[in-house]
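Copied over from Swiss-Prot, here are the features:
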- CYS122: active site (ACT_SITE)
- HIS260: active site (ACT_SITE)
- ASN291: active site (ACT_SITE)
- 261-265: region 'ACP-binding' (REGION)
Amino acid sequence: MTDIAEITGINKIGLLSLGAYRPERVVTNDEICERIESSDEWIYTRTGIKTRRFAADEETAQTLAIEAGRKAIANALLTGAEIDAVIVATSTHYLQTPASAPAVATALGAQGVPAFDLSAGCAGFGYAVGVAGDMIRGGSASKVLVIGSEKLSPALDMTDRGNCFIFGDGAGAVVVGETAEQGIGPTVWGSDGSQSNAIRQDIDWMDFAAAPDPEGPRPYLRIEGTSVFRWAAFEMGKVGQRAMEAAKVGPEQIDVFVPHQANTRINELLAKNLHLRADAVIANDIEHTGNTSAASVPLAMETLLSTGAAKPGDLALLIGYGAGLSYAAQVVRMPPVPFE
């Protein structure tokens, strides 16, 4: 019998760099309240959000991804030609096909590499980091560009008092590759399809295309806020605990906590339930960025590093959670401070 060659990869991997792109337009709570009966105080008290960014009309999840990816590659002191694979985590690419990642890879000079989109809602970045890590450890790549990119603003019903103020646009990216010490722990991930309706698109694309009434239902994003809050607040702490156990670290060793930026109150409950140190840094990028779905974790990491709140090499617990319902968590070492 002819043997098929065995494949061996790199075991010690980490986040080599980070890149972020935030659209220019800042949207305040007061602007949001021009369309709904609410107030800046009400929104901030319940979500922790003061402002968010909305992308320009000509920008898309794909163009945002290119900008963040370009910065991540530059911050890793690499060229696009040195990237072996590109994964774009997004739920807001305008086309069902083709995926955005091949065009993103080509735009960044990573011509001919495997490139694909990954859709796991707000857990998308964690899923993509997990897949990238497995690719490298499995020997099919050595440097993988992971991008979380979302343009959520067109999917918002700006008259929906329940969620129109939650979301924003943006993109964050990392290069995953070989490091001297282990920089990415095992990924703890999963889903609960019994709650798939908790975060959903109002109407599917085929029904929308066939609808004769231009004033009829549109493919807006809807959230069952109470259900999602309870699920995240009480279940994601268990996921974080499992991620720490898988990485063989304790809560007292975690320097930085970067949960998905969905709601400040959820994140405070998670930090308490995880029994993190009193001086552990907790990401709060949501205050000025809103919920950017798959982009929220890398954007929050960039803010922590750029402001000096976190340092390269700090041990960080990442937890992403959202539509699906889906979740993914890892313990990682924070990458270098981005200069781009």
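Using N, Cα and C of the backbone, Cβ positions are placed for all residues, glycine too.
Since the structure is predicted, the reported quantities are computational estimates derived from the model, not experimental observations.
Cβ packing within 10 Å was compared across the active-site residues HIS260, ASN291, and the lowest neighbour count falls to ASN291. Secondary structure of the region 'ACP-binding' (261-265), assigned with DSSP and counted as helix (H, G, I), strand (E, B) and coil, comes to 2 helix, 0 strand, 3 coil. DSSP assigns CYS122 (active site) to a helical segment in the three-state reduction. Classification of HIS260 (active site) by DSSP places it in coil, neither helical nor stranded. Within the model, the region 'ACP-binding' (261-265) carries an average pLDDT of 96.
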